[in-house]
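Below is one structure, written out as structure tokens, with a few remarks after it.
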């Protein structure tokens, strides 16, 4: 059967459901598809289909994730839902499921629970820009004062972790009632989607961000100069523009005198393109894999940062033993490994395989980085962890 062409008529947004186990994330995901299917905006997907999420590999880590897509009047959404708590932790840290926004599901009958807190904190750490709350299972709560109390608790918790708790939309409803086709259940789902449409901001497209290309390879072409190749991560590069070479050494300025793709000359390269960039007056030995080409002033090299990290379990091919303070593995950023030393917080003696942790890293050479940059931790060529830069320290 022929694949349907992806129609890009509406702006696209990536979202996901987060929250404590059994608070109804998967039921809500199913309910959204079933309610939107009535207006032709989705394919109705049953709970069991979503719950049997396939396993995926992201940077050597096994993650179970269910993907559904649907659309509202205004937008097209790709929605991720994970069966287990560990899958969320891995997903958010590796960026396997890049979220432009999240729907936090809280059971009105139970209120915020430990994983509710952990997911809010993780969302903040990894830079999920906005979230909307669905207060689920309201059909199980008879007392309106209790509902109000739970809503207050959720707002306080969001504010505590740096989200605007007072202004985040909280929609009360029952995913189960929506799945059963009850009008009040469906009404809440439609309200939720309106809130997601209006409150979760449209993401900035990669081409609208400053130019950045990680350097994968360097060649010298006799009579023409030095060419660096790589995949453009963001922005646009035009022939004749000034650019900087950032990371590993002192930042150098140069000019792009040519862009090539598939052996053809182009006027510009943009996000997603695999290109070769000809650099004016730059010698082959002045550039290396692991540096980046970037718009001048847009990114700086750093060697000290804080990170949120997931450490692979033994079953995932990770370490068999915990690591302690001053552990010195390799940190793989974009295209290269750099050795670094880990400093654990004072209250943490060690990090076990299968855990996630926050700690500080000091690299032996600076890397072009900004908050939100993903990396792997490697030991003797195998991946033992995955992380995201949450704060730059120098």
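Cβ atoms are placed via backbone N, Cα and C, with glycine included.
These figures come from a predicted structure and were not determined experimentally.
Annotated domain 'tr-type G' per Swiss-Prot: 10-204, in sequence order.
According to DSSP, the secondary structure content of the region 'G1' (19-26) in residues is 2 helix, 1 strand, 5 coil. Per Swiss-Prot, the feature region 'G1' maps to 19-26; the stated evidence is similarity to another entry.
Per Swiss-Prot, the feature GTP binding site maps to 19-26, 81-85, 136-139; the stated evidence is sequence analysis.
Residue 26 (Mg(2+) binding site): 22 other CB atoms within 10 A of its CB, across all protein chains. Per Swiss-Prot, the feature Mg(2+) binding site maps to 26; the stated evidence is sequence analysis.
The list of residues near the region 'G2' (60-64) in space but at least 6 beyond its ends in sequence, with Cβ under 8 angstroms from a Cβ of it, reads 53-54, 82-84, 87, 90-91, 94, 96, 310, 312, 316-317, 376, 382-383, 386. Among the features that Swiss-Prot reports, region 'G2' is placed at 60-64, with the record citing similarity to another entry.
Positions annotated as region 'G3' by Swiss-Prot, on the basis of similarity to another entry: 81-84. In the region 'G3' (81-84), the DSSP tally of helix, strand and coil residues is 0 helix, 1 strand, 3 coil.
Regional average pLDDT for the region 'G4' (136-139) in the model is 98. Per Swiss-Prot, the feature region 'G4' maps to 136-139.
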Work out, from DSSP, the number of helix, strand and coil residues along the region 'G4' (136-139).
2 helix, 1 strand, 1 coil
Residue from 19, 82, 138 whose C-alpha is spatially nearest that of residue 26 (Mg(2+) binding site), among the binding-site residues:
82
Give me the long-range Cβ neighbours of residue 25 (GTP binding site): same chain, 6+ apart, Cβ under 8 Å, in sequence order.
17, 18, 19, 81, 105
Counting across all protein chains shown, how many other Cβ atoms sit within 10 Å of the Cβ of residue 85 (GTP binding site)?
15
